[in-house]
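Notes follow the structure.
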Amino acid sequence: MAVYKVTVATGDMAEAGTNNSISITLVGSYGESRQTTVSFLFLPGKEKSLSVHCGKDLGPIVLIRLHKWRLFLEDAWFCKDVRVTAPNGTLYRFPCYQWLEGVTTVEKLVDDKLHILKEHRRQELAERQEAYRWKNFAQGWPRCLNVDSVLELDSNIRFSRVRATNFTGASHFLSGFLLRRSSWNSFDEMRTIFSRTQVPEYVAKHWQEDDFFGSQFLNGNNPIIINCCTTLPLKFPVTPEMVNGLLGDGTDLDKELQEGRIFIVDYKVLEDIPPDTIYGRQQYVAAPICLLHQGTDGLLRPIAVQLSQTPGPCSPIFLPSDDEWDWLLAKTWVRNADFYSHQLLTHLLRTHLFGEVFAIATLRHLPTCHPLFKLLMPHFHFTLHINTLARSVLINPGGLIDKGSGVTYEGLLLVVQRGLEQVTYTSLCLPDDICHRGMSNVPNYHYRDDGMRIWEAIESFVTGIVTFYYGEDAAVSEDTELQAWVMDIFTNGFLGRTSSGVPSSLQTVAELIKFLTMVMFTCSAQHAAVNNGQYDLGAFIPNAPSSMRHPPPCEKGRAFLQHFLDTIPEVATTANILVALILLSSQLKDRRILGQYPEEWFTEAKPRQLIQAFQGRLEEIRDRIEERNRLAVLRYNYLNPLETENSISI
């Protein structure tokens, strides 16, 4: 007789327990046990222990089966993990972290690739591929999960009960503003719509200043669009005579271009995007180009703005030396273009949509016992739920973005389609992207500095995990599950576009480390950098107008205060966008910050040591950021690890 000691643990979240019957079967290399009842009652956060008696030694335990059936009413159960101690004292751990619903049997495998387990792994993936299917949301977009509502989501990817009750909109706070379809009366009146917190107040005081305008390309919501400019494009004919007086003594435009102190932001992606109507009034969209200069004090300031991609008499180049309202209106058109670029490309496409692709591919191709499943799953926590919700209330026809922005729904779809065509692997890997854009030496670029430290911390952690489980290049190239995962991402995320440089297979340890670092950085730090400041920098509407109600000016000297107020969004549209920004900037109760892994997926000692080292590096980064912020007038805290979630969950 062989006796196995079994401990079954229930998760500690609300309603994790069950009064349904749970039993277990142990499967070893030499045979399997009979099905043994564990209990008819499980309480949240508690464990149940039992002995499983077998007629003979089962050999090394390779998998367990958990069986759940209901006596009367269905009562879902969240299993945390199962631990099995063999007669010889060997401990086998089976991380579960899964809801079991209905009458079901779930298998959990040990962490190896024994031949006996290959069929079980294949069956697990077959079931997952049936449960998590791809669909097209829009032509030319990354594909997404094939559901139409959060009600269709599996319990294991839905919001927790705590989060679901905490996730509410803000319409009731803004109900009075939502009914006003008139222009704002003044800039001061605009400040009455948002909470008088530090950053929105700072923005309201400084939004007209060229210094603040320039700083947002480095440390605002869209810090990836600015490029160093060494040669002016022909479509942007800025002459030395226009700007030399703005560059300081002893220099000129050619010298500043050659020495890397001229920068450009180009919104070509918005060219010919169809504008919408809001409340029956025509809106307008521009595709501006903005030139900036780094002064001797290290600050970036705009020196020229063209509001179209085609120069000519009807598209003048606006300058700081122009009339105050001409220059302010030109900069505000840039801020409007930046709103679209940020929301649709930098935020939606490059974090949310890619994060969903990474999550679905992981569920479809990596079994639970795969080390990369264990590494990656915490970085997809709630992502499929928030994206499904976004398709229902934010980016759907008639949703918050459609109602509050100046592009048509078809225009929204087209911008993202164009954006995906321009995505490169280089642009997704922060060190490569910074180098490619020529932004390595620009001072005060906190997004770059904080982001690089987090990238390096993730890379170090990933290196430890990959070398522990793979060791050599052949182990990577011969991992068929891994190769299927990468190919699925390439095919369904990047639509098989080889010109993107995104790999369709990984052949070496180094390639795997880089790809995993990109995935984890995108789903954590990159999303935090482009999401967490949305309310801060967008609550004061002239700094990030979501629509423009007059066409771009074709000549100078015609702008004035009332024209400006009648161009930016009216009160009701402002309120609609503010509802979205409050929603997107919410800090919900059960968020998990970067490096926090409450589920102990890894059972070996080495990965746990690597997690601790990773957490230590993140604490050092946090301390460095907070020390810098103590001395700053306007803090940059969007990449503070304490404010950076593991996953895209909001």
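Backbone N, Cα and C atoms are what each Cβ position is placed from, and that goes for glycine too.
Note that the structure is predicted; figures quoted are calculated from it, not measured.
Lifted from TrEMBL, the feature list:
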type	residues	note
BINDING	GLY17, ASP75, ALA76	Ca(2+) binding site
BINDING	HIS347, HIS352, HIS527, ILE650	Fe cation binding site
DOMAIN	2-114	domain 'PLAT'
DOMAIN	107-650	domain 'Lipoxygenase'
SITE	TRP99	site 'Essential for stabilizing binding to COTL1'
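Sequence-distant contacts (6 or more apart, same chain, Cβ under 8 Å) of GLY17 (Ca(2+) binding site) comprise THR10, LEU41, PHE42, LEU43, PRO44, LYS46, TRP77. Note on proximity: among ASP75, ALA76, TRP99, the recorded positions of the record, the Cα nearest ILE650 (Fe cation binding site) is that of TRP99. The Cα atom of TRP99 (site 'Essential for stabilizing binding to COTL1') lies nearest to that of ASP75, taking the binding-site residues ASP75, HIS347, HIS352 as the candidates. Other Cβ atoms within 10 Å of the Cβ of TRP99 (site 'Essential for stabilizing binding to COTL1'), summed over all protein chains shown, number 20. For HIS527 (Fe cation binding site) paired with ALA76 (Ca(2+) binding site), the C-alpha to C-alpha distance reads 33 Å. There are 20 other CB atoms within 10 A of the CB of ILE650 (Fe cation binding site), with all protein chains counted.
Across the structure, ALA76 (Ca(2+) binding site) and HIS352 (Fe cation binding site) are spaced 29 Å apart at their Cα atoms. Spatially close to ASP75 (Ca(2+) binding site) yet at least six residues away along the chain are THR18, ASN19, ASN20, judged by Cβ distances under 8 angstroms.
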